[in-house]
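To start, the structure itself, in structure tokens.
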């Protein structure tokens with residue numbers, strides 16, 4: 001079975017064909033590190049971590065690059081307010097990002113490049129665009145000539161004519177420096193007192209879009225397999241990445257474009273003005289990281305997902321059920337054909353554009369089968385591997401000696417028809433969170 005990906009560029013489901021056999025080169029836009037990440041950022045991190053994990057489950061080697069934007073107007077403003085340097089502020093929130101995403105079970109990226117570490121490469125990239133006629137200097141700034149780009153904004157299903165109609169009438173200071181209102185900044189001269197780097201055009205800093213183009217091509221080559229990010233990045237960020245990257249290299253920048261949907265809070269768009277802005281840092285004080293991750297997996301990555309207290313509660317209950325399933329004692333054998341059918345169904349769900357919602361349905365069908373007494377070592381291994389695709393890994397919990405002894409004593413009491421003692425032991429175990437299940441095959445237990 002082939003993995004199929006919904007490609008934003010073509011607006012179609014396409015079979016995934018890597019540039020190099022069994023290798024996936026992925027670049028996913030990471031956060032601008034001026035604050036704690038919000039749940040929308042978390043959805044992107046979790047969605048593409050799941051994509052990465054499924055590729056690895058399917059036998060691929062994944063080079064996963066996700067950047068930190070540590071040079072940005074928002075960082076400069078926040079650093080000034082906090083009395084820190086931009087680097088100090090960025091370091092603080094990069095550390096917070098790593099801590100928060102670790103709690104969500106997000107695997108470390110192959111590399112997390114930082115803009116500050118690629119300044120020489122960014123300047124060289126811009127110089128190459130100027131040399132080819134795709135960019136120009138104006139009063140110390142450098143802008144990209146949108147009119148010269150081939151099929152500009154095709155990713156966002158827009159045309160230059162559409163965009164020009166929307167840009168007509170602009171009269172701000174920056175627009176006055178441009179040949180065309182649609183042209184976007186590759187380099188911006190610094191204001192007095194702002195952090196800056198020396199360049200042939202001015203002491204300044206790069207524009208947002210050029211940063212990702214440079215880091216992606218430096219680390220993964222001129223053409224990458226998959227470029228991902230939130231749906232809000234489709235235009236202008238990813239649109240402009242394509243324009244400048246393909247102008248420089250004359251090659252396709254990315255073969256597949258993937259975008260995750262938004263997170264709403266109680267059916268409303270999350271925003272600071274509505275007072276429903278939820279950071280992961282605060283959320284993790286009351287919600288377990290695995291529960292939050294499992295909630296984010298319950299909806300297909302391209303669709304919007306609604307964050308509510310009930311949805312989090314449901315995720316918590318469902319995770320507990322899966323955990324209890326994993327804690328069943330194993331049996332010698334189970335129906336291998338039924339196991340194969342579950343594995344096939346799971347792959348079919350995930351091969352269909354990483355449909356986690358359908359994949360989770362398979363997991364619960366399999367859990368029901370396991371709880372009927374079909375928990376062999378082979379079944380256990382397959383079930384754990386599927387859970388790991390969703391970043392769900394439970395710590396091994398063994399039945400300790402005391403509980404084992406109590407269960408044995410209860411069995412002996414039942415054999416001697418001392419039902420009062422047997423019931424007392426059951427109550428004692430229940431107080432410790434151990435639930436006993438009397439089945440035709442003997443006693444089975446779960447942590448309740």
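Cβ coordinates are placed from backbone N, Cα and C, and glycine is handled just like the others.
Taking a C-beta cut-off of under 8 Å and a sequence gap of six or more, residue 241 (Zn(2+) binding site) has these contacts in its own chain: 209, 212, 213, 216, 227, 253. DSSP gives residue 241 (Zn(2+) binding site) a helix state. The Zn(2+) binding site feature in Swiss-Prot is assigned to 29, 212, 237, 241; the stated evidence is sequence analysis.
Feature annotation from Swiss-Prot assigns motif ''HIGH' region' to 31-41. Sequence-remote contacts of a segment are chain residues at least 6 beyond its ends whose Cβ falls under 8 Å from one of its Cβ atoms, and for the motif ''HIGH' region' (31-41) they are 68-70, 72, 74-75, 77-79, 89-90, 93-94, 96-97, 100-101, 230, 262-263, 265, 270, 277-283, 292, 307.
Summarising the annotation, Swiss-Prot assigns motif ''KMSKS' region' to 269-273.
Residues or ranges marked as ATP binding site in Swiss-Prot (evidence: sequence analysis): 272.
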Least buried by Cβ count (within 10 Å) of the binding-site residues 29, 212:
29
Residue 212 (Zn(2+) binding site) - helix vs strand vs coil (DSSP)
helix
Look up residue 29 (Zn(2+) binding site) in the DSSP assignment and report helix, strand or coil.
coil
From the centroid of the CB atoms of 29, 212, 237, 241, the recorded Zn(2+) site, which same-chain residues not already listed sit within 8 A by their CB, in sequence order?
208, 209, 211, 213, 216, 227, 229, 233, 238, 240
